[in-house]
Amino acid sequence: MTLRVLAAMSGGVDSAVAAARAVEAGYDVTGVHLALSSNPQSYRTGARGCCTIEDSRDARRAADVIGIPFYIWDMAEEFDRDVVQDFVAEYAAGRTPNPCLRCNEKIKFQAVLERALALGFDAVCTGHHVRLENGRLRRSVDAVKDQSYVLAVLTREQLAHAIFPLGDCTKEEVRAEAARRGLTVADKPDSHDICFIADGDTSGFLERRLGSNPGPIVDETGQVVGEHRGAHAFTVGQRRGLNLSGAPHRRYVLSIEPVSNTVRVGPREALQVDRIVGERPVWSGCEPPEEWTPFLVQLRAHGEVYSCRARQYEGRVEILLDEPALGVAKGQAAVLYDGDVVMGSSTIAETSRVEQAAANHAE
């Protein structure tokens, strides 16, 4: 029986080529564009933003060229609740979220997938650069465009209904294929930054949502060294925007303490951590390891990969890095790999140095 596939079409080149490949693979494909804003822009500003009226038109034109039915689904309410409001709440709590990861988890592979299955579709197809082999996520052959990090939150059940046709090619090859197919989006710029912040001003967006809330900036000793307009404007590892005149050395954000509305700063070496605790674990590539098990871990999108040991303990994931990492932010994902295969993911809740933790325990 021919599988019915719903192709999520953003209006970009990747999703258009993915839909075309799904048709060539013999699936019965229908295209859908997700309207994620109740008040969309008419056009993009260069590579900033997405989900514009222009994007929906590009998606429809691509579907016409491919020769598949096309619909637009209004997901603005779900997107605002599960992605935008979550983004604001996480920053207000002193954490640094990844909205692309949350969108994949809550919108594309929860709300959209559930609706697709209810309508009789068998799978959802997207243009993500990732491979799916034997039910496991693998990094794309294009290391620069690899998106396994932001998809690692998907469960085995969700992956069983997912199709990713672009994991075996580079972005340049995707564009060349789009041109050969006569798709007008072949040269369309990739979208960057956060899609619902079209001007790229995250700090300004958060201030409009949360308001100005001045508070102290303190150093490692607790001495006040400056004032901020809102702790939500900062993330761990940040240096710019602190406006600390007369500092003897560069200072970086070490932590954000929302209860006291305090931003703590210090030297770069104080950013080092080698112990991470993650919450909300998802194990798509293996069973939860009860014993210490070697993995590779990635701690931010397109970030460095570290060797580590990890285990699940009392519903949380504990990770010990072989070498310290700098600027690890709470709220980001810690994605565990075996080589290039995703094993599991969790949301970073705690970070520390092992010797620091041992000293605190001894006290």
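Glycine residues also receive a Cβ, built from the backbone N, Cα and C atoms like all the rest.
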Can you match one of G94, G120, G127, G135 to the ATP site that Swiss-Prot gives for A8, M9, S10, G11, G12, V13, D14, S15, L34?
G127
Distance check, please: Cα of H128 (site 'Interaction with tRNA') against Cα of C103 (active site, nucleophile), rounded to an integer number of angstrom.
13
Using DSSP and collapsing to three states, where does D14 (ATP binding site) fall: helix, strand or coil?
helix
Whole-number Å value for how far Q332 (site 'Interaction with tRNA') lies from L34 (ATP binding site) (Cα to Cα):
25
Around the Cβ of G12 (ATP binding site), how many other Cβ atoms lie within 10 Å? Please give the count over every shown protein chain.
22
Rounded to a whole number, how many Å is the Cα of D14 (ATP binding site) away from the Cα of C195 (active site, cysteine persulfide intermediate)?
16
Residue among recorded positions C103, C195, Q332 with Cα closest to the Cα of G12 (ATP binding site):
C195
Determine, to the nearest whole angstrom, how far the Cα atom of Q332 (site 'Interaction with tRNA') is from the Cα atom of C195 (active site, cysteine persulfide intermediate).
18
